[in-house]
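What TrEMBL records for this protein:
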type	residues	note
TRANSMEM	A:7-28	transmembrane segment
TRANSMEM	A:34-53	transmembrane segment
TRANSMEM	A:74-94	transmembrane segment
TRANSMEM	A:114-133	transmembrane segment
TRANSMEM	A:140-161	transmembrane segment
TRANSMEM	A:181-197	transmembrane segment
TRANSMEM	A:209-230	transmembrane segment
TRANSMEM	A:261-286	transmembrane segment
TRANSMEM	A:298-319	transmembrane segment
TRANSMEM	A:331-350	transmembrane segment
Amino acid sequence: MTQRLQIGLVFITMSMGFGFLQYPNLIFKITKTGHFVVVLSYGLLQMFLMIIYKKGLNYFPKQDIIDIYLKMGRWVAFIFLIPYVLNLTALVAMSLRQHAENIGSIFLSRTPDWSILILLLFISTFTAIKGLGTILRSSFFIFFIVNFLVLFVVISSIVNVDFKNALPAYPSSLDFLTKKDFFYLMGFSSILFLGFVPPETKLKFGQLFAEWTYVIFFYLAVVYLPLFIFGQETVVTFHFPAKDAVDSVDINWFIFNQQTIFFGMSMVGLTILLNAVLLWIIGQIIRKLFNWQRNKPSYWICAFSLIAFIFAVSVPNLAWIEKLSLWSAGVHAYFIVIIPFTIFIYGVIANRGMTGYENK
Amino acid sequence: MKINSYVRIIVALISLILLSGCWDIKEIDKRNFPLIIGISKENKEEYKVSLHIPTSEKGGKMSRTVSQKGTNVSSILGQLRTNIEDAVYYKQVRLIIIQNKLANDKEDLSELIKFLMKSKELPSIALIAITEENIEKMFSNINGKHFSHTTSIIDYFYKGADWAPEISTTRIWEVYRSLFSYTKDIAIPVVNSGKDTILNYEGAAILKNGKITEKINPSENQFVILFKNHNANGIIENLGNASIMVTNSSLKIKPSMLTSEPIVSSNLSLKIDILERKEGVTNDQIQSKLEKQFKKQFYDMLDKAQKNKTDIFGFGQHFRNQIPFHELKNWREEYYPNLKVNFQVHVIIE
């Protein structure tokens with residue numbers, strides 16, 4: 001039971017880590033009015049995919065998705081999972097670089113990006129090497145600390161809020177559903193993680209639903225905070241609207257003269273856990289795909305985090321990072337759609353074959 | 001095995017050093033924190049930036065002024081950093097004073113505001129003000145006052161609503177927002193150096209998408225602040241035969257739309273204290289006089305603002321829900337000049 005709860009917390013923390021910086025920016029690009037409709041329809045779509053994924057996984061009670069793909073055939077597993085590993089590496093690299101850059105601009109203005117990057121990557125890699133147990137246990141602390149900070153940031157920003165800035169409240173049309181950016185949005189979710197956790201402790205639908213609701217409320221908060229403060233006309237000019245919204249708060253009596261540091265601190269917590277999980281997934285996939293001797297996941301995790309580091313450091317500037325991280329999120333979105341469906345379809349076919357066999 | 005665990009502990013302890021995040025640290029007494037930055041334009045190409053930096057020396061002057069010229073503000077800030085003896089940190093800047101000549105140029109002002117907002121080093125919560133004077137003269141005037149200390153100029157703006165209801169405090173991010181906003185304009189305080197006081201408050205300049213369209217005096221600015229905060233506490237009015245102070249107020253605004261003609265009915269109710277009155281003046285007389293005076297001031301301002309197509313009261317904000325978003329950018333041009341406001345004042349004497 002506690003493990004189930006911990007998995008839920010990891011799931012929530014990962015989703016928050018994915019979306020904290022970039023999610024609002026994309027939403028503001030997609031629509032000019034009625035932002036909550038976009039967030040909610042994104043939530044519904046994710047929920048639908050999650051149900052498909054869960055249904056598919058339930059056909060194979062004792063297996064995670066790597067086993068399922070291996071069952072389909074070694075080549076199928078390679079075709080689906082190796083690109084996924086590359087995508088995860090790119091995600092790790094881009095998200096860490098982006099976060100390093102932001103954390104640097106908030107409270108380490110004289111420190112070069114690569115040293116912040118090393119620190120973040122080092123902790124993430126270390127956690128990933130220690131395995132799922134460590135990730136689950138640390139998720140508990142990170143979840144509570146980060147959520148406390150986020151809550152503080154949201155509440156303290158209320159002084160500058162003008163609700164009228166978010167009007168008109170309803171969207172003029174629903175054609176955002178066909179936009180390319182809406183597809184990118186799908187990349188900000190962690191549903192694939194659910195297929196990698198030990199099969200004995202599978203989450204129930206009710207719990208999944210509760211967790212996803214929590215995430216949606218978080219996304220609504222990050223989208224609406226900048227909107228209430230600046231309004232749609234201004235908010236599109238920002239790279240990281242949530243950060244600028246938090247930056248606008250001046251609490252004279254407060255010991256810290258800049259409460260953006262709390263925003264930065266919560267980002268550190270989120271990004272470390274998120275990337276630890278991604279690296280751990282990479283390790284799992286490679287370990288199961290290659291049956292070599294002396295094949296330890298920790299070597300692979302180190303190797304891939306090194307690749308991610310080199311990749312992240314060699315990106316020249318912020319405009320590039322944004323473009324690349326959007327692309328990697330786009331590829332992630334592709335996997336988020338394709339993996340649940342293949343698992344589900346294979347589950348249906350395999351199950352029908354089995355029952356057919358039993359009927360004979 | 002045992003050695004291994006010792007090594008681990010040592011490595012863990014060493015990595016604690018990293019936690020401090022000290023890359024190359026500079027002690028606080030070796031840093032300069034400019035509190036005020038003055039920006040002016042000398043001629044077409046050249047900007048001039050002056051920093052007002054408090055110093056901690058005892059006995060000497062409490063602050064000093066450093067100026068530099070250059071082609072753009074960011075490069076001047078960099079040059080200043082090079083030329084000043086110690087490290088300069090701009091994160092603590094509390095006030096940015098812009099010279100009149102620069103502020104009157106729409107392009108220059110918008111560019112400057114965008115730079116101030118996007119700059120990582122300058123805080124977006126710094127206050128902003130416009131001056132008609134030479135900035136260096138202004139700073140030296142501050143230093144010349146024997147009672148002044150380095151933070152006086154900041155205290156000047158942070159008096160709070162109760163003590164100085166005419167002063168508007170406007171921050172960089174608010175001005176930045178107004179550059180883009182379709183439905184709201186903003187007032188920036190105008191200050192000059194005073195004879196006996198540090199600064200003299202001259203009123204406010206109203207900015208419409210980065211362009212100054214009109215200047216208003218302090219008592220007019222009271223109204224702007226009233227509509228911004230929905231609060232008029234502390235306003236003192238002279239009615240000729242009496243003077244009063246507003247102790248409590250509330251403002252209700254109700255927008256409605258009649259076939260593309262916006263109508264606002266706003267009710268202001270004031271609770272007042274009578275500070276002094278001439279003999280024989282009744283409460284009723286004071287009430288009706290005050291109501292009349294407030295109404296006249298308001299309608300005069302509104303007329304002027306509508307002619308300038310500048311929405312100083314931010315009435316457009318109330319219509320955001322009634323006009324579709326793509327129409328909203330025409331608010332100032334098409335809807336606002338037709339706006340009818342029904343302004344009612346109710347006075348209660350305590």
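Each residue, glycine too, has its Cβ placed from N, Cα and C.
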Region pair the transmembrane segment (A:331-350) / the transmembrane segment (A:34-53), three or more CB pairs under 8 Å: yes
Same-chain residues near the transmembrane segment (A:7-28), Cβ under 8 Å, at least 6 residues beyond its ends: 35, 38-39, 95, 98-99, 102, 135-136, 139-140, 142-143, 146, 150, 181, 184-185, 187-190, 193-194, 197, 201, 203, 207-208, 210-211, 214-215, 218-219, 222-223, 226-227, 232, 235-236, 238-243, 266-267, 269-271, 273-275, 277, 322, 325-326, 329
Per Cβ pairs under 8 Å, the stretch of A:34-53, A:74-94, A:140-161, A:209-230 packing most closely against the transmembrane segment (A:261-286): A:140-161
Top Cβ-contact partner of the transmembrane segment (A:140-161) among A:114-133, A:181-197, A:209-230, A:298-319 (pairs under 8 Å): A:209-230
Sequence-remote partners of the transmembrane segment (A:181-197) [C-beta within less than 8 Å, at least six residues beyond its ends]: 7, 10-11, 14-15, 18-19, 22-23, 26-27, 29-30, 38, 42, 45-46, 49-50, 53-54, 57, 64-66, 132, 203, 208, 274, 277, 281, 284, 326, 328-333, 335-337, 339-340, 343
Touch test for the transmembrane segment (A:298-319) and the transmembrane segment (A:74-94), at least 3 Cβ pairs under 8 Å: yes
Distal contacts, the transmembrane segment (A:34-53) - CB-CB under 8 A, six or more residues away: 27-28, 166, 168-172, 174, 176-177, 182, 185-186, 189, 191-192, 194-195, 205, 208-209, 212, 215-216, 219-220, 223-224, 227, 336-337, 339-341, 343-344
Remote residues contacting the transmembrane segment (A:209-230) - C-beta distance under 8 A, at least 6 residues beyond either end: 8, 11-12, 15-16, 19-20, 23-24, 27-28, 35-36, 39-40, 42-43, 46-47, 50, 150, 154, 157, 160-163, 165-166, 238, 241-242, 244-246, 248
Other parts of the chain folded back onto the transmembrane segment (A:114-133), taken as Cβ under 8 Å at six or more residues beyond its ends: 92, 96-97, 99-100, 103-104, 108, 197-198, 268, 271-273, 275-277, 279-280, 283, 297-298, 301-302, 305, 308-309, 312-313
